[in-house]
Each structure stands twice: as C-alpha cells, then as structure tokens.
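The transmembrane segment annotation in TrEMBL covers 62-80, 100-121, 127-146, 167-196, 202-226.
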C-alpha cells in the first residue's frame, strides 16, 4: 500500500513538474479541451439538462471530441522521454526518427480505439464490452506504448506477457490516480449545465480545461509507472524479451 500511495502522489507531482518544464507541450490538451467547450457552448449543450441530452450525439461535438482524444495523447511522446531521462527537457523535446515513427504507430492504435468507441460501439452491450476491453487491454500493452517514444519496439504480445503478472496493479492504479481529477472534471462540466450565468459557465469550463489538461498528464505518468513496474525500458533498438 505504501508503494501505491507513493506512486499516487508521485504521478501528480511529476505531471505538474513536467507542465512547469514544458508548458507549451502541457498546454496542448488544455487548448483541445477548451475548443471542444467552445463548440459545446455554440450548440447550446450547457443551456439545460434537456439540451445536454439532446446534443450529446451532435456530429460536430463528436468530431471535435475525437480530435481532442488525439490531442490528449500527443504530450505522451515528450512526457515519457522526460520521465525516462529524469527530467531532461532537451532529451524530451528531441524528435528522433525511429521514436517518432513508433509513437505514430501507437497514436494510430489509440485513434482507432477512440474512433470505435465514439462512432461504432457507442452504447448497449457492445459499447459496454468494448469499454471493458479497453480498460483491460491498454494496461497490458502499456510497455508497447511507453517504449515507442524511446525508440524501442516492444510488441503488444511481449508487453502482455510481461504485464500479465502485474495486471491488477496495471488496471487499478491508473483509475485510482485519475479519479480525483475525473471527479473535478465531471463536477465542473455538469455544474455548468445548471448555472444560469454564461460568464459563470465559461469560468467553470475554463477551469475544467485546466483540470482536463492535468488529468491527461496524470494518465500519461500513470502509464509510465505501470510500464516500468516489471522492469525498466531502455531507449535502444532492441526489443524487450522480458
């Protein structure tokens, strides 16, 4: 439990430290979240509970939501490298061909999963099943995800074999780490529906954009924690055969 709590505190502290070190990178999810809120305000989503329900599947909102999901993942390239190097900003911001190519592969997989969840398997048993699948699958392939920006290819199969003995921690730790900010995120979003003043709505949505940006960084930091729990990941051209 002490390790769990230590890592819980660390992912929040490291995410803030990264934001201070590379604020422009950290601002990417903030801007993406705020742009989506602008779209939601324009379609009247925060006018009332009925309006929120009526516009939940608005095509414009879903399209911007898909773009936002990609934007939330973009800082991972820099954050994983920053964590791996012990906070070296020059290493974190260096764009290396192999690392960028592998990260693009990871990003493509994440985009596919996001597209399926937003536009294909959206509700019903298939929607629930796909959500549960993602909840289990992504923590198991996390070494594939984290190794990519380091220029190391770890196949999803190799990652699953390595992470399987640590599956419970890998699944539960990111959820626990993100939960406090998730509560803030939903409280601000839902709260904005019930306040009358547009100025107050904008203030709440602005705060939510900051909370979401921090949440994205916490999620990335949590992935690094669970990926390196079984063994370190080297930035090399050799695959992990652990």
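Using N, Cα and C of the backbone, Cβ positions are placed for all residues, glycine too.
The highest tally of CB pairs under 8 A with the transmembrane segment (167-196), across 62-80, 100-121, 127-146, is held by 127-146. Put simply, of 100-121, 127-146, 202-226, the stretch with the most CB pairs closer than 8 A to the transmembrane segment (62-80) is 100-121.
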